[in-house]
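What TrEMBL says about this one:
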type: DOMAIN; residues: 4-346; note: domain 'Isopropylmalate dehydrogenase-like'
type: BINDING; residues: Arg97, Arg107, Arg135, Asp221; note: substrate binding site
type: SITE; residues: Tyr142; note: site 'Important for catalysis'
type: SITE; residues: Lys189; note: site 'Important for catalysis'
type: BINDING; residues: Asp221, Asp245, Asp249; note: Mg(2+) binding site
Amino acid sequence: MKLNIAVLSGDGIGPEVTAQAIKTLNAVADVYNHTFTFKEALAGAIAIDKTGDPLPQETLDLCLEYDAVLFGAIGDPKYDNDPSAKVRPEQGLLKLRKSLGLFTNIRPIKAYPTLIDKSPLKRDRIEGTDLTIYRELTGGIYFGEKKLNEQGTIASDLCEYSEKEIERIAHLAFKAARNRKKKLTLVDKANVLETSRLWRKVVTNIGKSYEDVELDYLFVDNAAMQLILNPSQFDVILTENMFGDIISDEGSVIGGSIGLLASASVGDENAMFEPIHGSFPQAKGKNIANPVASILSAAMLLEHFGLNEEAQAINKAVDKSLEMKIVTTDLNPDSQYGTEQVGDFIADYIAHAEDSINYNQENINYGQSTII
Ligand code: IPM
Ligand code: MN
């Protein structure tokens, strides 16, 4: 298959981790005879610095033209700490999501057996967790009208949803549940919010055409609690934009590191793949950032295009790296491996999986090929 992939590696650790995802995709292309073409474009703080715009038109045009977008991370403390900043890197990301019509954000969360003890949550709570969050991404409070009165003393953000916006993501979430454990939980705040009541009505209706999927409902405050008390009860969680933002960060502690969580953002015509972690500016250029979330996002990209075997090859290589403790220091403080080395191992494992029998810890040399 030929795929043109726009690469927006962005700020902070974005470029380092994205480089590992590209390395991994190149290994897949070699082994399975695909042609993946990558083209870099500016986004985020780096784009503001160079062009004054967090999402230059040229970048947007490339993303619209190409088959998929591989996204790194954006954000820079110089904007976070300045509430009066007129342009912010995040605006670029939000505009990109909206302009590409990426209305569904998919965030899988899994308790990896080899990492269970890394999570601050107790083993017996998180064991067996394998859930995925379907977060609405182009509506709700993020995109509603924003107001600030002249004195700068009263502000509001409008949260608005239409039936159509709810329907299109609900269908995707039901279909996903159908292929998984056949359970869908709608997370909302229907005891208070009108938008949530609309979500319940629409999702309940759609549920009638997915009779094999069990549908239940949870208020978001309760869901936040259930997610750490008993996360293995969930299969697919469907929710609106801001609730999804919050509970997916919360869910990340289950996996032991936010550095493991990948995501796909899809619409009718475009798709973008990105780690859920931020730009982690303190780690920039230090070769310590965990590239796994970015690499797993590349696996989601392959899956999106029906390349399931290839996606599985990446997932297996990641599992192997975790099993063999070829991980960054967020997962093992004594680790001698950095971003690059973890990427090398995963790419090499894909290229030479049949030789895996020869791997052992002593033979993996820092900064060198991991294949004996
Ligand atoms: C995310 C991020 C973004 C969001 C920010 C950077 C705008 O937190 O992708 O979860 O809130 O959607
Ligand atoms: Mn977030």
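Cβ coordinates come from backbone N, Cα and C, glycine included.
Sequence features, as recorded in TrEMBL, placed on the structure.
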residue	record	Cβ contacts under 8 Å, 6 or more apart
Arg97	substrate binding site	Leu137, Thr138, Ser265, Met272
Arg107	substrate binding site	Thr132, Ile133, Arg135, Gly244, Ser248, Gly251, Leu261, Ala262, Ser263, Ile276
Tyr142	site 'Important for catalysis'	Leu94, Asn241, Met242
Lys189	site 'Important for catalysis'	Ser196, Phe219, Val220, Asp221, Phe243
Asp245	Mg(2+) binding site	Arg135
Asp249	Mg(2+) binding site	Ile258, Ile276
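Fewest Cβ neighbours within 10 Å among the binding-site residues Arg135, Asp221: that distinction goes to Asp221. Take the mean position of the Cβ atoms of Asp221, Asp245, Asp249, the recorded Mg(2+) site; other residues of that chain with a Cβ within 8 Å of it are Val220, Ala224, Met242, Phe243, Gly244, Ile246, Ile247, Ser248, Glu250.
Residues from the recorded positions list (Arg97, Arg107, Tyr142, Lys189, Asp221, Asp245) with a C-beta closer than 6 Å to any atom of ligand 2: Asp245. Taken in sequence order, the binding-site residues Arg97, Arg135, Asp245 that lie near ligand 1, meaning a CB under 6 Å from one of its atoms, are Asp245.
When pLDDT values are averaged over the domain 'Isopropylmalate dehydrogenase-like' (4-346), the model yields 96. Across the residues annotated as binding substrate (Arg97, Arg107, Arg135, Asp221), the two Cα atoms farthest apart lie 27 Å from each other.
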